[in-house]
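Participant: Following this message is one structure expressed as structure tokens.
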Amino acid sequence: MNQVEPGVQYNYVYEDDEYMIQEEEWDRDLLLDPAWEKQQRKTFTAWCNSHLRKAGTQIENIEEDFRNGLKLMLLLEVISGERLPKPDRGKMRFHKIANVNKALDYIASKGVKLVSIGAEEIVDGNVKMTLGMIWTIILRFAIQDISVEETSAKEGLLLWCQRKTAPYRNVNIQNFHTSPIQNYFKKLVLLFLMQDDPIGNINLAMEIAEKHLDIPKMLDAEDIVNTPKPDERAIMTYVSCFYHAFAGAEQAETAANRICKVLAVNQENERLMEEYERLASELLEWIRRTIPWLENRTPEKTMQAMQKKLEDFRDYRRKHKPPKVQEKCQLEINFNTLQTKLRISNRPAFMPSEGKMVSDIAGAWQRLEQAEKGYEEWLLNEIRRLERVEHLAEKFRQKASTHETWAYGKEQILLQKDYESASLTEVRALLRKHEAFESDLAAHQDRVEQIAAIAQELNELDYHDAVNVNDRCQKICDQWDRLGTLTQKRREALERTEKLLETIDQLHLEFAKRAAPFNNWMEGAMEDLQDMFIVHSIEEIQSLITAHEQFKATLPEADGERQSILAIQNEVEKVIQSYNIRISSSNPYSTVTVDDIRAKWDKVKQLVPIRDQSLQEELARQHANERLRRQFAAQANAIGPWIQNKMEEIARSSIQITGALEDQMNQLKQYEHNIINYKNNIDKLEGDHQLIQEALVFDNKHTNYTMEHIRVGWELLLTTIARTINEVETQILTRDAKGITQEQMNEFRASFNHFDRRKNGLMDHEDFRACLISMGYDLGEAEFARIMTLVDPNGQGTVTFQSFIDFMTRETADTDTAEQVIASFRILASDKPYILAEELRRELPPDQAQYCIKRMPAYSGPGSVPGALDYTAFSSALYGESDL
């Protein structure tokens, strides 16, 4: 072992990975002058305290305070960040020696070979040995790692000082004995040694270093200026603090920039999430308000009210729903874009709040369309029902009025007992008259049954005034029953009296028998000629016209019957006149007079041409409706295939593998432009459809397309082109973010298309496995299962092209991680496990510093101080690895 000789200064330099002793002869004058010891004592004490204060302590006398080894072990723990063996707390000498030996053993374990420095010298308070030991620690832990252009620690530190002071005049650093100390703090301190006041300049530089760089004052300016050869160790120790301070500042700036980048991405993502939540809430609220309106099936009492509901529904389809279709599509696009940005920036996927997922919005939209479809069908059925109901109600009123007119006074007639004082002839007349009445009664049986049937149908169709209809029908039926009973009783009375009476004028009887059916026929004809009709096709109106022509063909025969009946009355009058009979010429057996027959016949002849005109007008209306049907069908048969062709073109474009994505995007934009320009054809078809509905045309045999089919196809086409454009935009975003070339994208598309057996833009699990094997992946079941959780996280059994691209580029992505952000915060916090608000405000821009302060939880771990913030938990939460 080398021995320490008197009169020799020992310097410890790092050489061949071990600390060796280098002898340097000192000037005898300097050996006798203790100035170097004073400078080292002050500098080394300040350097030790700059580290010990982190543990809440300090030293006053360097050779005394290290004698028990406790603060020496604490100093080594602070500067190394490692735990030393547990110290002995006893106060005996051997306890102190044991503690110092533990410290020296630790120094030796770091590759330092200590020569002639033993625990006894340190415990005894040997100043030179204590200073030599502290210098060894400074060399190992503060200067060893300094290297500039592969120089030694001392030479590297000297070269660093020369470079930092190169831009300034009057500064020429050649060694650490006589050159000036020069410092700068960013662009603020430009101070160097000048001849006019060197001590003042050095003191000012040291004050600035202590205030702004937290470097304690380790030297006295007088010692540096007035000493011919200042101590090199003290100078190197002080200058090394400047080197580490500036290196830490550069690390802090880099760390701050990284945090700013991460926080900017996170703030933008949070803004997009909040915007999605707001738009989703508005759309779901609109759907929530609209569905009850569409599900309301309360019928109206009149056609006008139902037509108003139909018009409101048309306004909804034309004005209110289309903007919501665009909002729904844009919401899906924003959601996909946000998820892509989160995936590219290595953030967890965005999970909207409960009930606001894209699937929830799609489900609510499906319920809306289901209610909408049922509502339109209900409206049309209700209009048909009201049309039928009003027709039947008018028909009921006409038939009931006719019957009530006929039945008026019949009960009083049947209750008369005129036959009791009548002659035989009069009785016979009364009997025949009663027989005629029975014939008339039987003829009205069909009308009463029709009235009852119409009332029953009105009840089945839920007619709003069914109560009054039922009441009127019941009165007619009750009266009819009474008439039947009274008729039977009168017949029995007349038959009892018939044996007492003589013959009755046969001519009157014949007139009555023939006049009553004819009169009934004329009433029926007038009723039929005035009967309302409703048809929906040319065939139906043609059928009515044919029936009317057949009726007109029977008029000559009816006219013959009329003349025959009138001839009977003429014969009666002729007989009376011929035989001078003193009876009235009026027919006692019939209530139908000649005037009645003439008047009703004239009425029938007047109604025939009126009926002709109404039938021809209806025929013209049906021809107009047929033209509307053909016009609608011609457009629908052209628009339907056009929409289908565009869907097929978009599908082919989405799977093509030639050309750049930008070219594919331009092609899709052109498709979108053509589709938007085609909207005029849809609007024109909507106009024709409205004319058809206003004309109450409900079927069209010339086309299989309905307006609902066209609407659904058009909305699907708009949604498909928007989604396809979004998919290509996402692929461009992924390509640019991941650094993928167009050739790689084409290869990915070619591989995907090859294994997409169904050609539907999706691969099932077996297709995806075959694709990976073809690309050289060696897949076990566990590895394949892990990959499937990445490309098919929802377990739907299929892999999309976007998921395929994300998987192929995931491993090579250059993204930030939670560990990197934690390391950046640790630099800003000067290696503390927490960070203070003032440190964030000093290192970060104001808005992002405030963002961290607001969201960062309080730190409660070891060494916590008031206001301490936990940057580890905050960084983990940014990447979804923990919950704040």
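Placed from the backbone N, Cα and C atoms, the Cβ positions cover glycine too.
These figures come from a predicted structure and were not determined experimentally.
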Participant: Coiled coil per TrEMBL sits at which of 10-37, 262-289, 822-849, 850-877?
Facilitator: 262-289
Participant: Need the matching range: TrEMBL marks coiled coil on one of 182-216, 217-251, 427-461, and I'd like to know which.
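Facilitator: It is 427-461 that TrEMBL describes as coiled coil.
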Participant: Determine how many residues of the domain 'Calponin-homology (CH)' (38-142) DSSP places in helix, in strand and in coil.
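Facilitator: Tallied per class, the domain 'Calponin-homology (CH)' (38-142) gives 71 helix, 0 strand, 34 coil.
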Participant: Please indicate, using numbers and ranges, the residues of the same chain that are 6 or more beyond the domain 'EF-hand' (779-814) and have a C-beta under 8 Å from a C-beta there.
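Facilitator: Counting only partners 6 or more residues beyond its ends, the domain 'EF-hand' (779-814) has Cβ contacts under 8 Å with 340, 343-344, 346, 349, 727, 730-731, 734-735, 737-740, 745, 748-749, 752, 761-765, 767-769, 771-773.
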Participant: According to DSSP, how is the domain 'EF-hand' (779-814) divided among helix, strand and coil residues?
Facilitator: 21 helix, 3 strand, 12 coil
Participant: DSSP on the domain 'EF-hand' (743-778): how many residues come out helix, how many strand, how many coil?
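Facilitator: Secondary-structure composition of the domain 'EF-hand' (743-778): 23 helix, 3 strand, 10 coil.
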Participant: How does the model score the domain 'EF-hand' (743-778) in terms of mean pLDDT?
Facilitator: 80
